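Listed in Swiss-Prot for this protein:
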MOTIF     9-19  motif ''HIGH' region'
BINDING   Cys98, Cys100, Cys125, His127  Zn(2+) binding site
MOTIF     237-241  motif ''KMSKS' region'
BINDING   Lys240  ATP binding site
Amino acid sequence: MKIKTRFAPSPTGYLHVGGARTALYSWLFARNHGGEFVLRIEDTDLERSTPEAIEAIMDGMNWLSLEWDEGPYYQTKRFDRYNAVIDQMLEEGTAYKCYCSKERLEALREEQMAKGEKPRYDGRCRHSHEHHADDEPCVVRFANPQEGSVVFDDQIRGPIEFSNQELDDLIIRRTDGSPTYNFCVVVDDWDMEITHVIRGEDHINNTPRQINILKALKAPVPVYAHVSMINGDDGKKLSKRHGAVSVMQYRDDGYLPEALLNYLVRLGWSHGDQEIFTREEMIKYFTLNAVSKSASAFNTDKLLWLNHHYINALPPEYVATHLQWHIEQENIDTRNGPQLADLVKLLGERCKTLKEMSQSCRYFYEDFAEFDADAAKKHLRPVARQPLEVVRDKLAAITDWTAENVHHAIQATADELEVGMGKVGMPLRVAVTGAGQSPALDVTVHAIGKTRSIERINKALDFIAERENQQ
């Protein structure tokens, strides 16, 4: 049997981390079994579904490289198919038309609640033989079995059972002729030959209804697996303040897709004590029986740690392709400066996100208008004039511009003046970067370049001279 899974989001908002994790688990299960992964857009909620949300879902899936083998399918383009199946069910007697008014249904609901009963349809039209005009408004309900129970073996939670007496007759077509969500899902899973449905635990109560409809259609019943919810680190339902933002917001905030995928796969699944997983390892090791039944806690610090790891572990040339977008957002012209792959090597240890990296690198490519006030006050003092002049001249004399030779020039300056490296290094750092912090000074000066470094040292010497004149 060919394994076939699906990810079926509703395009009423962005692709959030919970949806992304569900997509990842479905994708991994299919890949682990050499099966196929289907993308289906469940856009039957015409009022809330938007083209922008569909685009956001696609963008998120593509950024995470969760490529689909079929689709995307759109439910709104399949209404003829759904209605044909409903008409077939009406003929076979597994569905019936219901003419009950909203007023009757509301009165029934209030009466049941007053008695402490669970609100449910009482089946009046199921057994009615009244004649109705063809154009009289009605809904179509599924004739749910009235005896027995529905049992399914959830691949994460184990056997789950629902009594059919707890399930009323579900509306499968509205008065306007549009099919309802639970029915569309059933027909889609049937037509698309889905073998395994992996989705959030909020769908557990839909499952017995969907199984009963599938059985009425004499269609195969897929295997179900319901993934637990994601909470914030305080144990409360995940919300924006915990980090429940769109997948693309993580891109905007400077995270690598590998980091987010690695974080999401471990958010409810484990393989021994291993924390770092390549995509290939995820595919190789992923099983549903290793997915936890308990809710997972979202921890931004852990995600940040993983991101820092991947910035330094992945090939710099690859990381640079993602950094490029952030550089463009900062409007930095990188034509006159180090290659982005070299920048990744320079700043990788210091920066935990690509956004931080893009906001920390401008001095490598563009001259700064002024020095950081605190750094200049502390390090660009008259006592720094001589070290800067000497190191400038030694840098100017370098014929083979390498980080090693830059280091020798700084060391030689300290030796010549009989001062510690800090007496040379700190003024030089402020002079060439405009600030008091940077990667190792020799590689920083080397990356900035010989001509630009000397020009900036001269600018710092002018700053010191002006400072002296003002005293």
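For all residues, glycine too, the Cβ spot is worked out from N, Cα and C.
For the motif ''HIGH' region' (9-19), the model's pLDDT averages out at 91. All chains included, 20 other C-beta atoms sit within 10 angstroms of the C-beta of Cys98 (Zn(2+) binding site).
Among residues of the same chain six or more beyond the motif ''KMSKS' region' (237-241), those with a C-beta under 8 A of the stretch's C-beta atoms are 17-18, 229-231, 298. His127 (Zn(2+) binding site) falls within neither a helix nor a strand when secondary structure is assigned with DSSP, and so counts as coil.
Look at the motif ''KMSKS' region' (237-241): DSSP puts its residues at 2 helix, 1 strand, 2 coil.
Note: the Zn(2+) site is recorded as Cys98, Cys100, Cys125, His127; in the same chain, Tyr96, Lys97, Tyr99, Tyr121, Gly123, Arg124, Arg126, Ser128, Arg141 also have Cβ atoms within 8 Å of that site's Cβ centroid.
Within 10 Å of the Cβ of His127 (Zn(2+) binding site) there are 8 other Cβ atoms, across all protein chains. Cβ neighbour count for Cys100 (Zn(2+) binding site): 16 (other Cβ atoms within 10 Å of its Cβ, all protein chains included).
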